[in-house]
Amino acid sequence: MHPGSMTTDNPAASGHTIETLVTPRITLIVLLLTTALLYMGTGLFGTLLGVRASLEDFAPAWIGLIMSSYFVGFIIGAYVCVHIIQQVGHIRAFAAFAAVFTAMALAHAIWVEVWPWVVFRLISGIAVVGLALVIESWLNAQAPADARGRVFSVYMVVNLSAVAAGQLLLMAGDPATFVLFSVAAVLFVLSLVPTTVVRVSAPAPQPAGGLGLKALLKASPVGVIGCLVSGIVGGAFWGMAPVFITDLGYDRNQVAVFMFVAIVGGMISQFPVGRFSDSRDRRKVIAGVTILASVAAALVSVTAAISFNALIGAAFLFGALVFPIYGLTVARTHDMLRPDQVLEATRGLLQFFAIGAAIGPFAAGVLMGVLGGYALFGGMAAALAAMGAYCIYRLRKGKALAPEEQCHFVPIYATSQEALAMAEDEYYPEEEDGAPGKDERN
C-alpha cells in the first residue's frame, strides 16, 4: 500500500473512521495521558530553571524577573491563544504550542543569559496557556454532562501528580548540563502524540462575559484579594524556592524532594480543608488558614538553618496550608454570586491570580538580593499574615452566610479558563433556580 493512503486526511481509507475505534472513555484517558506528560515536563522545567540560574550565579532579582516573565506570558496567552485556536483549530494549535514550548526548553540550554531567558520564559508562558486551553476544552467536550465534576477532579489530581513527579526527574541528571533540558523537551514532544493520533472535536473557547473586575472586587473583596495574594505567594514559591534551597548548599536531589513534599502536602490537604470550610463561615476559615500558612512559611526559614529533615517537615506543612487558599478564595467569591456568574467570576479570579504570580517572583528576587535568601519565605509569611489580618477586618463588615447558603468547595488549581467550565456545576450541584444573591456582600 502506498504511504499516501494512510494520511489522516482520509480516515476512511481502511473502511472505517478513526472515531468509530475510539470511545469517549478512551479519549478521556488519552487526554489525561497528554496532561500527565505535559505537566511532568513543566514541573521539571520550572524547578530546573531556578536551580540552573542559581548555579550560573544570576542575581536573585534577575532570577525573579525571569520567573515573573512566565506569568506575564500566562496573562498574555489567556487572550492571544484563544484567537489562535479559533483561527487554526485545536489540533494544529496544540502542535504549534507544543513545538514552541519544546524549542524554548532547548533554547534555555543553548543561550544561558538573563535577557534571552526572560524572553524564552515569556514565550513559554504563552505556549503553556495555549496547551492548557486545548487540552481542557477537549476534556470539557468529551466528558459526559453528569460526570464533568468527576472528570475535573481527576484532571486536577493528574495535573498536580504530574507536576510533583516532574520534581523527582531533577534527580535524573546534572542541572549544569544539557541533559535535563532535553528530558523536558522530550516530555513536551511526547505530549503531542496522544492528541494527534486520536481524532476528536472540541468547541471553541467561550468568549469573556460581562462580569468586570471592579464588579468582582465589589462582590467579594476577600475572594479577590485572596486570589491576588495566593498568586504572589504561589509565583514566589514556584519561581524562587528552588533558588533558595540551592543557595543553602543543598544538592539537586534535596531540591527535588523539597518541592515534591510541598506539592504532595497541598494535594493531601485540599479536600479536608475545603470540606471543613463548607460547614463554617468561610471567611473565618480563610483567615485561619492564611495565618497558619504564614507561620508555616516562617518555619521554613527557621528550619532551613537546623536540618534538612526539619526543613522537609516545614515544607509539607507549608504546602498543605498554602495550596488550598486559591480554592477557598474562589469558593468564597462564588458564595456571593448566582450560578450563572460563576464561570466568568472564576475567569476574573484567575486573572488576579496571574497578576499576583507575575509580581511574586520578581518581588521575592529583589527581597532576596537585598536581605538575603531567608527573605523569600519571610516575605511570603508577611504577605500571608497581611491577608489573614484583612480577612479578620472583613469579618466586621458583613454578616456570615449560613452553611446551607454557601456553595460547595472545589479543589481548583490555577490553570486555563477552560478547566473552569468542568467545575462550574460542582459549586451548586443541587441548585436549580440560583444561588444566594446577597445584598450584604463581603
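Along the chain as shown, residues are numbered 1 onward.
Using N, Cα and C of the backbone, Cβ positions are placed for all residues, glycine too.
These come from TrEMBL:
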type     : residues : note
DOMAIN   : 27-397   : domain 'Major facilitator superfamily (MFS) profile'
TRANSMEM : 26-49    : transmembrane segment
TRANSMEM : 61-82    : transmembrane segment
TRANSMEM : 94-112   : transmembrane segment
TRANSMEM : 118-139  : transmembrane segment
TRANSMEM : 151-172  : transmembrane segment
TRANSMEM : 178-198  : transmembrane segment
TRANSMEM : 219-241  : transmembrane segment
TRANSMEM : 253-273  : transmembrane segment
TRANSMEM : 285-304  : transmembrane segment
TRANSMEM : 310-328  : transmembrane segment
TRANSMEM : 349-368  : transmembrane segment
TRANSMEM : 374-393  : transmembrane segment
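Highest Cβ pair count under 8 Å relative to the transmembrane segment (219-241), across stretches 26-49, 118-139, 253-273, 374-393: 374-393. Under 8 Å from some Cβ of the transmembrane segment (285-304) lie the Cβ atoms of residues 222, 226, 229, 233, 244, 248, 273, 276-277, 310-311, 313-315, 317-318, 320-322, 324-325, 328-329, 332, 374, 376-378, 380-382, 384-385, 387-388, 391-392, 395, all in the same chain and six or more residues away from its ends.
For the domain 'Major facilitator superfamily (MFS) profile' (27-397), the model's pLDDT averages out at 88.
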